[in-house]
Amino acid sequence: MNMIQAINSAMDVMMARDPDVIVMGEDVGYFGGVFRATAGLQAKYGKQRVFDTPITECGIIGVAVGMGAYGLRPVPEIQFADYIYPALDQLVSEAARLRYRSAGEFIAPMTVRSPFGGGIFGGQTHSQSPEGIFTHVSGVKTVIPSTPYDAKGLLIAAIEDNDPTIFFEPKRIYNGPFDGYWDKPAQNWSKHPAGEVPTGYYKIELGKAKVVRAGEALTVLAYGTMVHVAQAVIADAGIDAEIIDLRTLVPLDIEAIEASVKKTGRCMIIHEATRTSGFGAELSALVQERCFYHLEAPIERVTGFDTPYPHSLEWAYFPGPVRIGEALKKVMKD
Amino acid sequence: MASDDRRANLQPLSLYVPEPKFRPGDAVDFTSVRLPAAGETRRPDTADKAETFIDLAYELVRVLDEDNQAVGPWNPRLSPDTMRSLLRSMALVRAFDERMFRAQRQGKTSFYMKCTGEEAVAVSAAFALDYEDMCFPSYRQQGLLIARGWSLVDMMNQIYSNKGDRLQGKQLPIMYSVREAGFFSISGNLATQYPQAVGWAMASAAKGDTRISATWCGEGSTAEGDFHSACTFASVYRAPVIFNVVNNQWAISSFSGFAGAESTTFAARAVGYGIAGLRVDGNDALAVYAATAWAAERARTNQGPTLIEHFTYRAEGHSTSDDPGQYRSEGEPNAWPLGDPIKRLKDHLIAIGEWDEERHAAQDKELAEDVKRAQKEAEQNGILGHGLHQPLDTLFDGVFEELPWHLKEQQAQMLAEETASGRPWAHKS
């Protein structure tokens, strides 16, 4: 399966298992979603469980909060992460706080799916990576898969989870892994081992990272598309790096991070999102606090620049092989 | 700015900024407020299409007339027992408000908000809805809880943030949450409950349930985007929901003109969405009951949502932190032409020979005693800042279903700080 099919399969599996799971969002019903992630679901489960919504993100999330309070398990879609901002009040002030402010009387067991990230010439409003906004909010979990196998397992876990979860899907790797070499032909998930996805139920526990390459020389922390870019650049550089795919940003797998950095003594953090106050800053602070005496070099952050996401200059903005390569030289210096 | 000579002969634009009619010191004259007489407004069938009664969004459903009689097609013909029960609930809400306002002034709690003059809006609605219907209130519908017979002690525990507080001291006073009484957790963020109520109603409909939801906001909050989202969703999916807009003329210091009241009514907002809209005398307990029962029947028969504007007046300050003398005339509350909801229902019951001043005075005294007794009991659990709060480590409960490592670490840090402080912050059980 490609990542879209895996995500579709996760919703299919969960809708079949739990009659309280419902799917809604702009164009998700009859049409099956602008990325086809919900294709076929309405025909299979009916309009009462999979339906199109008006174009109002604050309404979509607000309605999902009410459905959760009733006892449903909504899986709302926000068409692009760039358009999640109108729903911020409902997410930050309501969904994230509901359990806390009602001392557990009401909960918001929703999973907000949203395509995110760049690398597709999406310009300013089809490329953003706003995960740092949500990791800063207490009460929501933030999950970002990097493969079809993980996407399905993590999405099933998120839907089953009783806390509100933001599930960001890196749309650049919907159809195939992307290694950052944008001028090379696109790849397909069919040739990648993680494209092997079971058709039935399985889940991947939230809060657990995955070591995608074991190594001794350096720890690379990445998630989403950047996991693949990191792998390619590390392979080309011939460095024995340990690459960790975080998969869940909140709650974070701090044990995996700590164990790795204490072993390697060096740490590089990679994300597409802009640098200042990005999630990389939190990762850097945590590594510094917990692994200070093991560090042999300053922690490196490879990120998008602190600008809106540009259109024509996309590959100058994107933290690709050159930027990662330069940072590698820096962090590996003696 | 306009340096272009071609524009020199055009009339300059001017920005219109609304201004209330009366400011502090001004004499008040409400004769310009258009008030249709009681019994005058028609009552359509609940199954009629919304477009056929657009006129109702500009009228005023009123039952109690100048002679204290219940008249017209909206008269719900409640039994004297039910009306006495309504009256008692409203009086209890007022007694509760008086006592808690005083508790705030005595420093026993940090904050309180009264609903004086608006008691009918919540109490009559609670009477007209089923107990199982879910209410998504704003912060000024304490009458829902009281009318549903919820424990005053429990409400006070929340106001005092004490060790008996069901919300563990996590919420600002009056932001109640009582799932058992169909009272959704109150949020400080205005109008967010509107789309949530729609979602609850949609869920009920999708599940083939028979319960409906109702939500409330002030006229000021109708300006929020959530109001528009909620109306759109409710209309599109014909959600079994009742939208209540409590038009009490004031949003803190801003008069209703800043929410658009100079141009139209709030009930008229419904017209554009294709939602049934009613405009009701919010100080007429029987009219509020009738309108709510009508809207509930409409929702329960899958005819869709109704928006009810309750035309009323916020008789006191916005909150204990507010002084209305700074922005409006002192004469307004007494000059308000729709009077006081408690007095009007009381006068009606007296007029039909089902009540008298002596019984009313005795009831007021009894309710004041009830509230006082509840207050004493609640204060056994502590008042704000006197140490009788929830155990310290509950601060981390409920952020997530389970404590992740970073919260466990912060919890441990907090407990270590308690030790370091040399004095226990919590009364641990």
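Placement of Cβ uses the backbone N, Cα and C atoms for every residue, glycine included.
As recorded in TrEMBL, the features of this protein are as follows:
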- B:11-50: domain '2-oxoisovalerate dehydrogenase E1 alpha subunit N-terminal' (DOMAIN)
- B:88-383: domain 'Dehydrogenase E1 component' (DOMAIN)
- B:316-338: region 'Disordered' (REGION)
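Beyond the ends of the region 'Disordered' (B:316-338), by six or more residues, the same chain brings 20, 22-30, 33, 35, 101, 104-105, 111-114, 116-117, 250, 252-253, 255, 281-284 to within a C-beta distance below 8 angstroms of the stretch.
Proximity of distant same-chain residues to the domain '2-oxoisovalerate dehydrogenase E1 alpha subunit N-terminal' (B:11-50), defined by a Cβ-Cβ separation under 8 Å and at least 6 residues beyond the stretch ends, is recorded for 56, 59-66, 71-75, 255, 257-258, 262, 270-271, 274-277, 281, 284, 290, 294, 297-298, 301, 303-304, 325-332, 335-338. Break the region 'Disordered' (B:316-338) down by DSSP state and the numbers are 7 helix, 0 strand, 16 coil.
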